[in-house]
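*Asks:* Sharing a structure here in structure tokens format.
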Amino acid sequence: MAAGDDECTASVGEITISPVKVQRLPHLTHYLPNLKTFPNPLDRNQFYRPSDGFYISPCDVILRQITYDLSGIFPLPPSHLAYHRAGPRKQIFFDPSMIRVAIVTCGGLCPGLNTVIRELVVGLWELYGVRQIYGIIAGYRGFYSFEPMALNPKLVEDWHKRGGSVLETSRGGFDLEKIVNSIKDHEFDQVYVIGGDGTMRGAVTIFDEICRQKLNVSIAGIPKTVDNDISIIDRSFGFQTAVEMAQQAISAAHVEAESAVNGIGLVKLMGRSTGHIALHATLSSRDVDCCLIPENEFYLEGKGGLFEFLEQRLKQNGHAVLVVAEGAGQDMIPRSDAQKKETDESGNPVFLDIGRWLKSELKSWWDRDHPGELVTIKYIDPMYMVRAVPANATDNLYCTLLAHSAIHGVMAGYTGFVSGPINGNYAYIPIAEVANAKNPVNTMDHKWAWVRSVNNQPDFIKR
Ligand code: ATP
Ligand code: MG
């Protein structure tokens, strides 16, 4: 594999490793040996001493799959997928003194958004000497609705200590033509897009249009999903902070349940299509009697159902704690025709409140089967509290590494990519792959089995 060529495959013994191609500027050309590039300014940075191995070469890749069954029972894949490793390149595509950069956040809030913005600004400014850095206000619509906000390290100094997004965020407002025109009018050379699955699909569309118009503008995505529902990368930023906050809500529910006769604590946690937060908070808190997630259907009445299980737990312990992910049991809640059609500004279906519905079903069941007996159901919905907190230490560090990885890639001319950790190493992945990759909880693997062994909850399989 020749240095500078991002497309080659390499064979090591019988193994063929094929790096997933990430587009590079200038558009629609391969890496050109005579392309005008610039030496990386880190060479001149007083704090760095680039030595052998400091710069990442295009030959440096990370394998997607790192566990293999060598028993021979399952055939090994003929070719092993790999991604280009993130990090500074010796030669860069952009002249840092000339470029203009835009940063935008879209979708819902997530702990760490401000850290990513801060580190993009500080990294671009301090590592590469970029001086024209702008924040796009209030999501995609901000490209054509508001004047960009000039950003510098002094301004963003303490942003990592704040929850939310100082740049503000929004749903809807995706107008491709206006967005691309704004990028051209403001002469942005680099656009960093921070957001969830919808935002990443929007970024793919912008990237495709930028390619079609052959503009030398790099589009980089930094995937944000507090639910951890994006695949390929190890985990998304904000997730660990969310699990920590979720645990606090579970503790409160436990205290409430313990302090009442037949006390039931019910906590709704984030997770529209995946139950990772509910699962991790359940495993780490140990106070949860039953964890309900979208990937595992459940039912209320009859043998093996939730009511029968709660009946036993209340008899044994006098209290019980239930955790439910917001996307669980959505099919069980009766919906009016209007509710069936309801969508948010971005076109996502509106979820009904599973926690409120479950609380009312639990109350009806108890009053029906235990007339005159006391019950206390305390419903805690910490969703907005969880989303709005600043990132914890682990997520803060993670956001920093994500932002810096993205900067190094963009400066080297990569475009249409997302930076993220794969098996512990940071890599560049085409945005389109990440935008479409789901990450459901695998209810067949050991983690879900572990939940069931910790709390002995029903499997909800009707027999
Ligand atoms: P969250 O994790 O909060 O759901 P998200 O990025 O998925 O984050 P959305 O509200 O779905 O949040 O989308 C954010 C932005 O992306 C909106 O401006 C929306 O219009 C735009 N968007 C969503 N889906 C697409 C798509 N398929 N094509 C273009 N733009 C999209
Ligand atoms: Mg989304």
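Cβ from N, Cα, C; glycine included.
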*Asks:* Would you identify which residue of G108, G263, G265 TrEMBL lists as part of the ATP site it also attributes to R171, G172, G196, D197, G198, T199?
*Replies:* G108
*Asks:* Can you find which of E177, E326, E342, E433 TrEMBL lists as binding substrate at the same site as T225, V226, D227, M270, G271, R272, Y384, M385, V386, R387?
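*Replies:* So, going by the record in TrEMBL, that would be E326.
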*Asks:* Of G196, D197, G198, T199, M385, which binding-site residues come close to ligand 2, meaning Cβ under 6 Å from one of its atoms?
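*Replies:* Checked binding-site residues vs ligand 2; flagged G196, D197, G198.
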*Asks:* Could you name the residues, excluding G108, R171, G172, G196, D197, G198, T199, of the same chain that surround the ATP site, i.e. Cβ within 8 Å of the Cβ centre of those residues, in sequence order?
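*Replies:* Everything else in range on the chain: C106, G107, G195, G202, S346, N348.
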*Asks:* What's the most sparsely packed of the binding-site residues G172, G196, G271, counting other C-beta atoms within 10 A?
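*Replies:* Ranked by other Cβ atoms within 10 Å, the binding-site residues G172, G196, G271 bottom out at G172.
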*Asks:* Looking only at G108, R171, G172, G196, D197, G198, T199, the residues listed as binding ATP, what is the longest Cα to Cα distance in Å?
*Replies:* 13
*Asks:* How many Å separate the two farthest-apart Cα atoms among the substrate-binding residues T225, V226, D227, M270, G271, R272, E326, Y384, M385, V386, R387?
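*Replies:* Of all Cα pairs among the recorded substrate binders, the widest measures 17 Å.
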